[in-house]
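Questions regarding the structure given below will be posed in turn.
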Number of protein chains: 2
Amino acid sequence: MSAVIDGNGANALAPRIVGVSLAERSYEIVIGPGILDEAGRRIAEVLPGARMAVIADETVAGLHLDRLALSLTAAGIGFETMILPAGETTKSYDNLITVVERIIGGRFERGDAVLALGGGVIGDLAGFASAIVKRGMAFVQMPTSLLAQVDSSVGGKTGINSPQGKNLVGAFHQPSLVLADTALLDTLSPREFAAGYAEVVKYGLIDRPEFFAWLEDNREAIFAGGEARIAAIATACEAKAAVVAEDETEQGARALLNLGHTFGHALERTARYDASRLVHGEGVAIGICLAHRFSETLGLAPKGDAARVEAHFAAAGLPTRIGQIPGETPKLGELMDAIGQDKKVTRGTLTFILTRGIGRAFVERKVDPDKVAEFLTRELNP
Amino acid sequence: MSAVIDGNGANALAPRIVGVSLAERSYEIVIGPGILDEAGRRIAEVLPGARMAVIADETVAGLHLDRLALSLTAAGIGFETMILPAGETTKSYDNLITVVERIIGGRFERGDAVLALGGGVIGDLAGFASAIVKRGMAFVQMPTSLLAQVDSSVGGKTGINSPQGKNLVGAFHQPSLVLADTALLDTLSPREFAAGYAEVVKYGLIDRPEFFAWLEDNREAIFAGGEARIAAIATACEAKAAVVAEDETEQGARALLNLGHTFGHALERTARYDASRLVHGEGVAIGICLAHRFSETLGLAPKGDAARVEAHFAAAGLPTRIGQIPGETPKLGELMDAIGQDKKVTRGTLTFILTRGIGRAFVERKVDPDKVAEFLTRELNP
Ligand SMILES: NC(=O)c1ccc[n+]([C@@H]2O[C@H](COP(=O)([O-])OP(=O)(O)OC[C@H]3O[C@@H](n4cnc5c(N)ncnc54)[C@H](O)[C@@H]3O)[C@@H](O)[C@H]2O)c1
Ligand SMILES: NC(=O)c1ccc[n+]([C@@H]2O[C@H](COP(=O)([O-])OP(=O)(O)OC[C@H]3O[C@@H](n4cnc5c(N)ncnc54)[C@H](O)[C@@H]3O)[C@@H](O)[C@H]2O)c1
Ligand SMILES: [Zn+2]
Ligand SMILES: [Zn+2]
């Protein structure tokens, strides 16, 4: 933690490099402002001679694609660009097929790479395409949203949505390199920045209480940009990389990363995935608060921790209670159904990530659905 | 080889088991007549508690699905069946999505399995679906064609065709178990049996000259069924398993398995993938003969080996010359184009699997396209 807390005065804005250790699939995450202009050089080092199929959404392409193109050209890297609409509905079978056919038509080979420039939507879709063209091409992630920089670009989960549910179709396919330009976040909307920030806080709450305390002291600096932002993103990536190295294909330990997500996904579902009402990170913020309050109710966590978490999210401009979601409040039955859909109900019990207090989350496989319903009844009628 | 050549008098039709060694992805191939009736028990041992999404084509389902269903039921295994049209065009995006959505709709979990009952088409499609539903479910192969038993069901290559070419979209996804009932081949058409046999012979020609000699002595017994058939399939699986264990994701050594395939694929392409003119194994048979004759022409292989290979294929009812393909003979230019499409042309040279004689194949990365054209000119105008 010392590097994060102390900063590094002499070389304040030098990029931070976080390694993801996965034997022959290991790779580096490079984090810092201005990385976009070094992209060509850094990619050529890791994938010499590879051509790039660059995928971006319209918003990000309009803002940042020209600079990427310049950097690739300067490094002598050949590329083609494919631009898709922005938004969650882009993660569809149709767009996947379009991208795959464009890559094949561009005569890209297995040693060439798909380069995702964008948020989690583009990263997930482009990564999945790279996993299945010719049974696997190289893949480079250039995450441009805070959520993508601290979560979706790290760990190799790729995929699209099925009409039957989110992220149900995909592959584990690790990138060869992740380039996170922290200055690109300056064009992100404050709402999307805050949503991504919920995932940053999550890592502190799972098992890094000192990181959570540091976030409490540095939140404004992180939102402002600069050294604190780089440090926060690097620590989040380190936290995720550690879990991924232990459990690449989500057999066990990786489950802790779902802190707040069972409640959060249920809220996203009952809000009909309407981003004007609730984006993912907002659902996670409320979900994390619910997980802490539920743990307190069950007598697992000390009184006061839930309130501290709630205060931090609120200060960051995030919602913390179900009642804050615009539109109709979900009914208890709807919410319980949505929870049952997200998690397999094993012999009448539910699996939740609960906590013994800040930085002490754990997996509980035997949660009594009646206890959840009782708790949510109070949350829905405060 | 002794087990193959000697047979095993005491227990003549006991199943043979071939292991595929891939660390935690290792699995067994069980080969013998009547395995279909033991499928439930054998699957329950490897995947206790798993439900099965059974995929078959109409032809195979009509002949053999009832017995599989009985066996699964007897072992207490829950399952759903999905039946697709027979034929290469089934390996399409549309069928992939249909199968994936049916699996998701059936509420199969990651620990459940997709079970492919059929030839290489069903195995490739179902295997790919199992690789991408929830980023990877378990997978069981029950190959029912000779080609599938000795080639496509072993090694984890799965996929579908793109409108731009065959097998361009897919994943490496190893099965948990392969069950090859050699008696099911009795319902296979003689033409399809012979086509699969070309791939059996291929393993002898790559690096097992004693196996090729044994095949020369046992061809009729293999076509008839019984012990020789089991032995031939087991040896072919051993040969493929050895290559796969060395090179799981086709970075190098696996290339030798393409003996005869550069010419073969080019012939399939110029025959417009019309199965009434040429099926894959027939293209491979001609391709292997061309590779041997070309190697002889180049002075690499001793005179006479090509003729011996040709005689063996001819006795098995397989074509050995381009002129035997019904319909219009391809033009040289067409054939050379098709060869260039199959293999990346690296700085003006082509990669071919050539041979120094029977059982002595090797990868040659610097084949002069002019030499190939010269050779093919003679082959096209005998
Ligand atoms: N693969 C994983 O492990 C993983 C983990 C978490 C989330 N996800 C997925 O990630 C997706 C959510 O990611 P997201 O929040 O980045 O969504 P997103 O990609 O839709 O980006 C959010 C919005 O911000 C815009 N944007 C992105 N970068 C910008 C920039 N620098 N400037 C201006 N606008 C910018 C986008 O155009 C979009 O409108 C979901 O589909 C989710 O399932 C995946
Ligand atoms: N994954 C790999 O490593 C790999 C390797 C080689 C080939 N392949 C693929 O395999 C496919 C070819 O395999 P195939 O030749 O088995 O094709 P196939 O699956 O189409 O089967 C050939 C025909 O035989 C029928 N059939 C299968 N078993 C039968 C039985 N027991 N009784 C009666 N009829 C039966 C089928 O219905 C079909 O009409 C191609 O798509 C090829 O790309 C994959
Ligand atoms: Zn999340
Ligand atoms: Zn073949």
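Backbone N, Cα and C atoms are what each Cβ position is placed from, and that goes for glycine too.
Pulled from TrEMBL, these are the listed features:
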- B:Gly120, B:Val121, B:Ile122, B:Gly123, B:Asp124, B:Thr144, B:Ser145, B:Lys157, B:Lys166: NAD(+) binding site (BINDING)
- B:Glu199, B:His261, B:His280: Zn(2+) binding site (BINDING)
- B:82-194: domain '3-dehydroquinate synthase N-terminal' (DOMAIN)
- B:196-345: domain '3-dehydroquinate synthase C-terminal' (DOMAIN)
Which binding-site residues out of B:Gly120, B:Asp124, B:Ser145, B:Glu199, B:His261 lie by ligand 2, going by a Cβ under 6 Å?
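Cβ < 6 Å from ligand 2, in sequence order: B:Gly120, B:Asp124, B:Ser145.
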Within the set B:Ile122, B:Asp124, B:Lys166, B:Glu199, B:His261, B:His280, which binding-site residues show a CB-to-ligand 1 distance under 6 A?
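If the test is a Cβ under 6 Å from any atom of ligand 1, the answer is none.
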Write out how many residues of the domain '3-dehydroquinate synthase C-terminal' (B:196-345) are helix, how many strand and how many coil, based on DSSP.
107 helix, 0 strand, 43 coil
Can you count the other CB atoms that lie within 10 A of the CB of B:Gly120 (NAD(+) binding site)?
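Other Cβ atoms within 10 Å of B:Gly120 (NAD(+) binding site): 23.
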Can you name every residue in this chain, apart from B:Glu199, B:His261, B:His280, with its Cβ inside 8 Å of the center of the Cβ atoms of the recorded Zn(2+) site?
B:Leu147, B:Asp151, B:Ala198, B:Lys202, B:Gly260, B:Gly264, B:Gly281, B:Gly283, B:Val284, B:Gly287
Quick one, of the binding-site residues B:Lys166, B:His261, B:His280, which Cβ has the fewest other Cβ within 10 Å?
B:Lys166
Could you round the CA separation between B:Ser145 (NAD(+) binding site) and B:Glu199 (Zn(2+) binding site) to a whole angstrom and send it over?
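For B:Ser145 (NAD(+) binding site) versus B:Glu199 (Zn(2+) binding site), the Cα atoms are 12 Å apart.
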Sort the binding-site residues B:Glu199, B:His261, B:His280 by C-alpha distance from B:Ile122 (NAD(+) binding site) and give me just the closest.
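Checking each of B:Glu199, B:His261, B:His280 against B:Ile122 (NAD(+) binding site), the shortest Cα distance is to B:His280.
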Can you give me the Cα-Cα distance between B:Gly120 (NAD(+) binding site) and B:His261 (Zn(2+) binding site) in Å, rounded to a whole number?
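About 16 Å separate the Cα atoms of these two residues.
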Among B:Glu199, B:His261, B:His280, these being the binding-site residues, pick the one whose CA is nearest to that of B:Asp124 (NAD(+) binding site).
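So, spelling it out, the nearest of the binding-site residues is B:His280.
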The domain '3-dehydroquinate synthase C-terminal' (B:196-345): mean pLDDT?
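Average per-residue pLDDT within the domain '3-dehydroquinate synthase C-terminal' (B:196-345): 94.
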